[in-house]
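Here is the structure we will look at.
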């Protein structure tokens, strides 16, 4: 078979016939994309490992960028080897949750991992007076044990907030409430919620990129060159094919690995400038400025729950982190129909969506207990990889999850990424945060932008949160009710842009009169059917559990459980 100028040997005739059957649309359904491997196909193990590693490389760039914003806010020094442990923990938890999601959750070939959406409420929590970092001189004078406790107590606060707030997502999913609540989550709710994630973090991108603007701008330019201008340029490579020997094949290197290529090239450039002493000693763009992190990291380290101490729980932290949970819920729901179409599966029925959101919540609970400092969400980068490679096999994602778990326990591996110069990461931030903003704004395609009503809601729900939250940050003691808990809670809630913007957009869109077409509800419902009437004859098994279905269908009480594969069939019979 040939796809995107890449020739790959398909495993067996049975696999081929299965794929062809999956790609052949019936007369009453939409044509499905031509896939090399559809959702239920199992490529040979050796090919699966290669494809899985590709997914791993796709997500690693986004994963390692999170600690560059998180750890300074935790009062952790750049040279602290525990930064590598945090990265390893994120990768480890990502592997566990991804496997469970693809096997028992929504059962779509999606990767679950750390998300930028949780950074906004995280920074709002750490901006509270009791969590602000002491002066640098004071931290430098601390003993090692006190310095470690300084960031670990903040990590415990975040861990508790993440784990407890994620229980709301668990309840929404496994009780089936998510379908009912989404009636009120309109496009004009999604736009400010998602867009404000990127808009809020622009200062962090500027601070990181300003370490060396030449390297940062070069990184952004190179990423633009690879991902946009050269995305269709193929590179000839030598490959071996059974029965044919060595042959030249065309490989779309720049489309598959633009972030990885950019990081490696710019990192290498910084290495050259370091070796030639163009960058003076201790310059933040030198590749050896944090070398002790790598040398002091353990070769093998298995992350475990409570490794930084058991989580602490406060009302202000939980309510603030809830904004990130709700933002991730909306974002993941928008990916499910897209991934199902790209992987040759039926549109996801309601029971699969319920399991997907519930499982994502469980993953975030685990991330909190493990001390990852972040939650889990569907990775948009890996969704794009499916569209590029035309490989939607669930088995490939399961192999990718195994690779993540293995890499998560290799301590040196996590520490390597700490060595990436800040200016390179800043250039990546400029693109990444911009894409998050664009993803949120893309939802405007469903609404009528000629409507003065919609423009009013859009402008107010984006601009007002930025004004209010900036003022809250500059005046941390402005709220004084006489109750410390109430003050902290209100400060976090009003200082979290995605929460203020999402609530304001949802409230205004559901209160101000407008027609369904004007509000974009008709087109939005067509885009996200959420399993209304897709599966009603019992013949589609894309979302069945891997085993035990005979018993589940035999037990009549399972018909009334919202996340069971029999739920939708019973409701329609």
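Even glycines carry a Cβ here, placed using N, Cα and C.
Annotated features in TrEMBL:
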| type | residues | note |
| --- | --- | --- |
| REGION | 13-33 | region 'Disordered' |
| COMPBIAS | 17-26 | compositional bias 'Polar residues' |
| TRANSMEM | 45-70 | transmembrane segment |
| TRANSMEM | 82-102 | transmembrane segment |
| TRANSMEM | 158-177 | transmembrane segment |
| TRANSMEM | 184-202 | transmembrane segment |
| TRANSMEM | 214-241 | transmembrane segment |
| TRANSMEM | 253-275 | transmembrane segment |
| TRANSMEM | 308-330 | transmembrane segment |
| TRANSMEM | 399-420 | transmembrane segment |
| TRANSMEM | 426-447 | transmembrane segment |
| TRANSMEM | 454-473 | transmembrane segment |
| TRANSMEM | 493-512 | transmembrane segment |
Sequence-distant residues near the transmembrane segment (184-202) by C-beta distance (under 8 Å, 6 or more away from its ends) are 69, 116-117, 119-120, 123, 326-327, 330-331, 334, 429, 433-437, 439-441, 443-444, 446-447, 454, 457-458, 461-462, 465-466, 469, 497-498, 501-502, 504-506, 508-510, 519-521, 524
Relative to the transmembrane segment (426-447), the stretch among 45-70, 214-241, 253-275, 308-330, 454-473 with the most Cβ pairs under 8 Å is 214-241
Q. How about the transmembrane segment (399-420) and the transmembrane segment (158-177): do they have 3 or more C-beta pairs under 8 A, pairs 6 or more apart in sequence?
A. no
